Amino acid sequence: MNELMKILGQTGQSVTFDQIKIQLASSEQVRSWSYGEIKKPETINYRTFKPERDGLFCARIFGPIKDYECLCGKYKRMKFRGIVCEKCGVEVTLAKVRRERMGHIELASPVAHIWFLKSLPSRIATMLDLPLKDVEPVLYFEKFLVLDKGVCESDQIDSYKNGKKRDQYLLDEIRCEDLLDEYPDAGIDVGIGAEAIKRALSSYDWGIPNDQERELSLAAKEKGLPDPFDYDADVMEGDSEKTMMRKKLRKATSEAARKKLVKRLKLVEAFVESGSRPDWMIMDIVPVIPPELRPLVPLDGGRFATSDLNDLYRRVINRNNRLKRLIELRAPDIIVRNEKRMLQEAVDALFDNGRRGRAITGANKRPLKSLSDMLKGKQGRFRQNLLGKRVDYSGRSVIVVGPELKLHQCGLPKKMALELFKPFIYSKLEKYGHATTIKAAKRMVEKERPEVWDILEEVIREHPVMLNRAPTLHRLGIQAFEPTLIEGKAIQLHPLVCTAFNADFDGDQMAVHVPLSLEAQLEARVLMMSTNNILSPANGKPIIVPSQDIVLGLYYLSLEVPEYRETPDEAVIKDGKIVTAAPPAYSDVAEIESAMLSGSLKLHDKIRLRLPTIDAEGKSVRQTILTTPGRALIAQILPKHQAIPFSLVNKQLTKKNVSDVIDTVYRHCGQKEAVIFCDRLMGLGFRHAARAGISFGKDDMIIPEAKATLVGKTSEEVKEFEQQYQDGLITAGERYNKVVDAWSRCTDEVQAAMLKEISKQVIGKPTNSVWMMSHSGARGSPAQMKQLAGMRGLMVKPSGEIIEQPIIANFKEGLSVLDYFTSSHGARKGLADTALKTANSGYLTRRLVDVAQDCIIVEPDCGTERGLTVRAVMDSGEVVASLSERILGRTLSKDVIHPVTQDVILPRNTLIEEAEAELIEKAGVESVDIRSVLTCDSRVGICAHCYGRDLARGTPVNIGEAVGVIAAQSIGEPGTQLTMRTFHIGGAATRGAEQSMVEASRDGIVTIKNRNVVENSQKVLVVMSRNCEILLTDENGVERARYRVPYGARLMVSEGEAVTRTQKMAEWDPYTLPIITEQAGTVEYLDLIDSITLVERMDEVTGLSSKVVVDYKQAAKGVDLRPRLQLKDASGNVVKLANGNDARYFLSPDSILSVENGAEVNAGDVLARIPREGSKTRDITGGLPRVAELFEARRPKDHAIIAEGEGRIEFGKDYKSKRCVIVKNDDTGEETQYLIPKGKHVSVQEGDFVQKGDPLVDGPRVPHDILKVMGVEALSDYLVNEIQDVYRLQGVKINDKHIEVIVRQMLQKVEILEPGDSTYLIGETVDRIEYEGENQRLMENGDTPAKAMPVLQGITKASLQTQSFISAASFQETTRVLTDAATSGKVDTLNGLKENVIVGRLIPAGTGSVMNRLRSIAASQDRQRVGGASPKAVEDAAE
């Protein structure tokens, strides 16, 4: 073969490359690519169907139509290859050169490239330092541009303009003629069109060599002479545009001018560095892409289908030829100008149709697809053909359940297998001599001869196939199985992998793919086999868990039913006689089985069993255990291991318990045992689910007896609230909230009563089936049972508000017409949401993958000392995520010290496995410092120590693992389960009652932090501190729970008091913010002027009035009203507070006064209250939109304002619509001002002391502020907790490290504060890695390094600003990214995954990372052999 190649020469060479550069092309470059100029708009001859000469499909330019055959047919066959036919001018070669050869069109007049004109910010306009709206009229021949004003003064030209200063040298035609007539000899130079712009661009000294200068300097270099055009020399730099702008920047005073200069300077520097000349943005020549990429295809019926590009090119050629003729004919200026404008528009449409003006449409009124449209969007080149391709050797079919399969198998229909493995079968048939030729083999297969089936069996043996179910939301959506041949036409799937595929058997389809090469088969077997994917990559818990009927079977098997007589565990003996016999004893499982067959023993009876177990030394011992026959059957299939005791299954097995059992088996006995155990467990579950025959009827849904009383009690409460409202004690908003609360509580109580009743086990009656299904985790949830047998409860309007009239009936009792009407509302909204949700969730996943795709494990250890401090997550006193859960599988960044003995329990850099986590938990350590990807110091990618354990394998992570993509999938995959809103189970509201008290969640001893209380007139303690917390400790003083107590709450416990579970410790009104006095005294109103700042509001319903503070519209000039209350003592002096300030209380708008002017008050009394109702009826953004909001780092509406430093609060002078709050530091005397809109409630009072990060105005916090004030660790804490809250609400577990990976990607950029001696500009955002490298270089040279602060970017913005322009272009805003990259001459080093997929190489992760490393070692060895580098340097390069 090689000899043949040598003789024939190679057609298209393939070249290896390491990076791709994108740059503007000069006209010379375009000519060098081209194989000839296209002069005619014709495509093919209508009679002969041969391409026209010099036309768009010309064979002379682009190459022959048939392999090795010229157009006229004079030369045919291989022997003439390379000859150019003298008659038709076609080179005799392969026809595929028509995919590679380009042509060009020489333009009669230059045109601007629309990308650089209209892609904002306009590059051409910025380089000329003109606004875009001045450049456009010049380009499209509406106005003239004065290029050189000659000897005229500016004001002389100004008089000819339209009187505006701005459009610097733009004149319309008439004024231009007048000006030239008036000053004929002044040397004024005016121009119009792209030529003028091109001349303007060339007139600057950019400090970039042009083509001739380049050639001369190259020639000089070859001769060893100094470069005559050395642009780096300071001499040249003297007056280049760049230097002048740097000078201007130093002198710039206003921020706006600085910003404008910086913008232009950056662009100029980009051009200078890339070596592209700005005048190349104006083209003299248009390249024409190869004809096979814009084909003309004959349809049947003699018509042709063509690519839109041909139409667009034809317009350009037509207009260009017409323009040439007009110029030759010396046509009047106005005609030529019009033709030039039309040419400009034609070229615009070719490059980007519709970017300017109306899009050019084809015959069917549809806009033509231009070159830009070919790249853009889901159907563009990037996403349609480069990132996602269709593959051969695949098939798809419906799936059915295959319960008799082993975990690593799948059933493949014979017909399908025969088709998929055809080539393999052909080769085997030939090998065994059944067929002599491939053709004969083909015929045998078509006839389906018996020997074909035998060979198919052999071919398929141990050849894995991959099954995929769309949508593939995470990597477990494609897994490999060994096929077993089955009859029928459906694929059989193992039931245990359904969770991973999210498959069910209601008509789902799956695709089969065959890995062909040996390497592919190897990877499929080692990495993708279903038996290798037992754990979920999202949380490290088993994903191969039984569900539905298997769980039900196991639950039924492990039930323990109470008996008529209460059998004690041991025999009761009185006076030497056995009064009550002990449960019967059995020696082994076989004995039990025979007893059950004979009917003397039931599945759920109590028995004693002598069971062989393995003790700590690994010896086998027998011990007697109290259990049931069912549990003994389960124990029989448990692997024998000392860490797996019988007690693991000697309990009621719910889905969660089964999962824990599988987890334990996997951790202790390894993968193989776990897989075998899972298969056996599945068989057992199915068998007993069938034997149990569990079913339920209407009477199994038991309506609790307590329901009527509970509903009655709540109705009374609601009437009471109504009465309070009528009496004017509460506002309408408060009444609504209280009613909703009461009904929520009632619904919960009914549900609890129903669950209690339904789960009762009565002797002699079987366990309730509905309860079994729900409790075991097989099907149904308490929320659904509540609607069946409890009460449906509150419903939701589509707007998210809760309808205060609940549905008291349940489905068993039946709904009335009104009930049905109320509930149809929310139920429909739920369905509509589901449809929207899927698309949104998919888009979130796509953005996450894009931002994290180049996060790969690159080295074992980066050696950093930094880390994050982690503690258990508490939510209203409950531990939501324990410390051990959060640190499992992470590496320690500091030693863990025992809190009591102060010994080092574990040294730093220990990977925390289950045993270590237990050790830390037992020692009572409160917080642990762990390494995190956020603090990893690796330059590219992440190191293995900072990442920790690979969750899907349970081992330390391997180098080359694509952790970014795994993180993105883990966060995106549950996205579809997250609601769009936080409620809906068939429209039912699940907003719990608003928290209005703190109950102890366990027994313990009370410690109160930040206790600041006063006793009010009712002798109740009222909390005055804004960050008071109640801690519950156990007898060893270890904190077990922590509760936040708000300002104004009534405290019911004292320091050191012992409390019991569910004891009330504090309560408060959840719907108002009180303002409470700390001292006794007489109230005095200040600036509370009737009908200006204070109004009496009448309630229409109750006829009662209340005094409300209003936001006054600016009173008379110079009057600064600040409504407030102050306290005076008996002698009329202002009362002083404990901190020495006067007792003054500022009132924000909407406060309702609770005291009259001159009233006597005691400490702890409420002076005024601010209703909170507005914030609570609005639905809190929940679910998916909340996750997206956090990842996009958006500023929430009505966000909190946080203090940037500590200090005391003072109120400054108010402005028209803002209040001024000053935080003054006592030590430094530094003051920070915050302007707060008047309508917002300021949550601090004058004289309060605030810490850094405390809120001055309540509301959701802004991530950017947290980063700026508190730093990276606080930000990561906030984001991780907020995102986890959303997922926890849905019961989805995701490991923190996945969120950290994404946050790391969001923090890739820094903003320059001081440039030092670097070339950076103030306010510029640069890549963190680049910035650190630059600073290192500066410090090595003894220069001042730059200073910068980290910037938080949303995931979309971060993806668009990655180092790789290929990856960014394939994500979004393709044209903008490519325009940007071209101006700065960007180089893509192909580090991420997407870029490599696009250019068609192995991705640098997984197996590909090894190949990459080997390639770089080989390359550096080559360099060493050539250049003689030291072996040490080569090793460094390989590292």
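Using the three backbone atoms N, Cα and C, a Cβ is placed for every residue, glycine included.
If you look up Swiss-Prot, you'll see Cys70, Cys72, Cys85, Cys88 marked as Zn(2+) 1 binding site, on the strength of sequence analysis. Annotation source Swiss-Prot lists Mg(2+) binding site at Asp504, Asp506, Asp508, citing sequence analysis. According to Swiss-Prot, the feature Zn(2+) 2 binding site maps to Cys862, Cys936, Cys943, Cys946, an assignment based on sequence analysis.
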For the binding-site residues listed (Cys85, Cys936), most other Cβ atoms within 10 Å of the Cβ sits at Cys936
Should one count Cβ atoms within 10 Å of each candidate's Cβ, the binding-site residues Cys70, Cys862 would be headed by Cys70
Quick note, Cys946 (Zn(2+) 2 binding site) and Cys88 (Zn(2+) 1 binding site): C-alpha atoms separated, nearest Å, by 68
Rounded Cα distance, in Å, between Asp504 (Mg(2+) binding site) and Cys943 (Zn(2+) 2 binding site) is 39
Students should find that the Cα atoms of Cys70 (Zn(2+) 1 binding site) and Cys943 (Zn(2+) 2 binding site) sit apart, in Å rounded to an integer, by 59
Quick note, Asp508 (Mg(2+) binding site): same-chain residues at least 6 apart with CB under 8 Å of its CB -> Val398, Ile399, Arg469
DSSP output for Cys943 (Zn(2+) 2 binding site) maps to strand
CB neighbours within 10 A of Cys943 (Zn(2+) 2 binding site), counting all protein chains shown, number 22
Long-range Cβ list for Cys72 (Zn(2+) 1 binding site), cut-off under 8 Å, min separation 6+ in sequence, same chain only, gives Cys85, Lys87, Cys88, Val90
Residues lining the Mg(2+) site besides Asp504, Asp506, Asp508 (CB within 8 A of their CB center) are Ile399, Ala503, Phe505, Gly507
Cβ density check for Cys946 (Zn(2+) 2 binding site), other Cβ within 10 Å (all protein chains) comes to 29
Cα-Cα, Cys943 (Zn(2+) 2 binding site) versus Asp506 (Mg(2+) binding site), nearest Å, comes out at 44
If you count the other CB atoms within 10 A of the CB of Asp506 (Mg(2+) binding site), including all protein chains displayed, you should get 6
Surrounding the recorded Zn(2+) 2 site, with Cβ no more than 8 Å from the Cβ centroid of Cys862, Cys936, Cys943, Cys946 and those residues left out, we find Glu859, Asp861, Thr864, Arg931, Val933, Thr935, Asp937, Ser938, Ile942, Ala944, His945, Tyr947
Cβ density check for Cys88 (Zn(2+) 1 binding site), other Cβ within 10 Å (all protein chains) comes to 17
Rounded Cα distance, in Å, between Asp506 (Mg(2+) binding site) and Cys862 (Zn(2+) 2 binding site) is 50
Three-class DSSP assignment, Cys936 (Zn(2+) 2 binding site), comes back as coil
In all the protein chains shown, the tally of other Cβ atoms within 10 Å of the Cβ of Asp504 (Mg(2+) binding site) is 12
Note on Zn(2+) 1: the CB centroid of Cys70, Cys72, Cys85, Cys88 has further same-chain residues inside 8 Å, namely Leu71, Gly73, Lys74, Tyr75, Glu86, Lys87, Gly89, Val90
